[in-house]
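Have a look at the structure below before the remarks.
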C-alpha cells in the first residue's frame, strides 16, 4: 500500500509540466539537479541549529543583554497551595470574583490573599526580559546572516534583474551550490523554530506563527521538488530583508532604548510594506502567476505553488493590520510599551507590574499609617505619663 501511495504521490503530472519526466532531471555532464531526498538533511541540520542557538544565547546573547543593562529577574516564591495550584492549571489563570470568594473559603484565606497568590503565580510563568532578548537576538543574527548570504548568492544571477530568466529552460535548470545551502539552511531554521515552540515565549499570534512556519516549509519543500528554485530564492530574500529590522527593534525595546526601538520599528514597517505588499504581490506573484503562461500551459504544481504564495500573502495582510495598529499607537498615543506587548506575547505584563507596584504602594501606606498611629499613641502615652 505504501509503495502504491508513493508511486501515486510522485506522478510526473503532479510535479512537472506535461511531456517532462523525472528522468529528464537526472544528473548528467557534471550538472546536478534537485532531488527530494536532499530535504532529509533539513531535520538533522535543524537540531544542529538548536545546539548552536543554545550556545549563542548563553555565551553571546546573554552577555550582550547584560551589557544593555538587562538583568535576570528573580521571581518571588509563592506559598505552595494544592487547591489554588489545581485551579490554576485545570480551570483558569484569571479567576472571577465568585471563584476567588469560593477558593478563599476552601483555603481559609482572605480574598486579597487569593488574588495575590494568582498574581504571583501568573508572574512566575511570565517570560523574563532576558529570555525574550535572547530569542530576538538569535533570530536577528540568523536573518542578518541569511540576508547577507542571499545578496551574495543572488547579486550576479540574471533572474534577479530579468524575471523572464526565472522560467528560461524550466524545469531543466541545474542546481547551484549556493542555491542548495540557501534553501537547506532556511528550511532547517524554520524546522528549528517549530521544534522550539514549546520552550519559546508564547505570543498572541502564536497560531499565525505556526501557520506561517508550516506554510514556509511546505512552500520551500514543494518548490524544491518541482524545481522552482529560482523563484524560491527571490521569495526568501524578500522576506529576510524585513525581518532583521523587526528583531533588532525588539532587542532595543527589551533593553529600554525606546527611541532607537521606535526608529527601527518605523524602518521595519516601511520595508515590510514595500517588500510584502508591493514587491511580493507585484513582482514575485507576477513572476510565478503570469510569466509562466508565456512558456507553459497551466498544470498542477503551477496552481498549487501559487495557492501557497497567496496564503502567504494573506498572512502578510494579517500582520499588516497589527503593524498599522502599532504605528497608530506609537504616533498618536505614544504608548510604545503596550504596542510591543500587543504583538510580543499573550501575558499581561504591564498590568501585572502595575498591580505589583500598586500593592507595594498600598503596603507602604499601611506602614506609614502604622508609624503615624504609633507615633500619635506614643505622644499620648508620654503626655499621660507626664500628667501623672
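Note that Cβ sites are derived from N, Cα and C of the backbone, with glycine treated the same way.
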Annotated range (TrEMBL: transmembrane segment) out of 264-293, 354-383: 264-293
Annotated DNA-binding region segment (source TrEMBL; candidates 86-129, 130-173): 86-129
Any contact, the transmembrane segment (180-198) to the transmembrane segment (264-293), with at least 3 Cβ pairs under 8 A: no
Tertiary contacts of the transmembrane segment (299-324) (same chain, 6+ residues out, Cβ under 8 Å): 13-18, 205, 208, 211-212, 215-216, 218-219, 222-223, 226, 228, 235, 269, 272-273, 276-277, 280-281, 284-285, 288-289, 292, 342-343
For the DNA-binding region (86-129), mean pLDDT (0 to 100): 86
Spatial neighbours of the transmembrane segment (38-56) far in sequence, C-beta under 8 Å, 6+ residues away: 137-138, 141-142, 180, 184-185, 187-189, 191-192, 195-196, 221, 224-225
Helix, strand and coil counts within the DNA-binding region (86-129) (DSSP): 32 helix, 0 strand, 12 coil
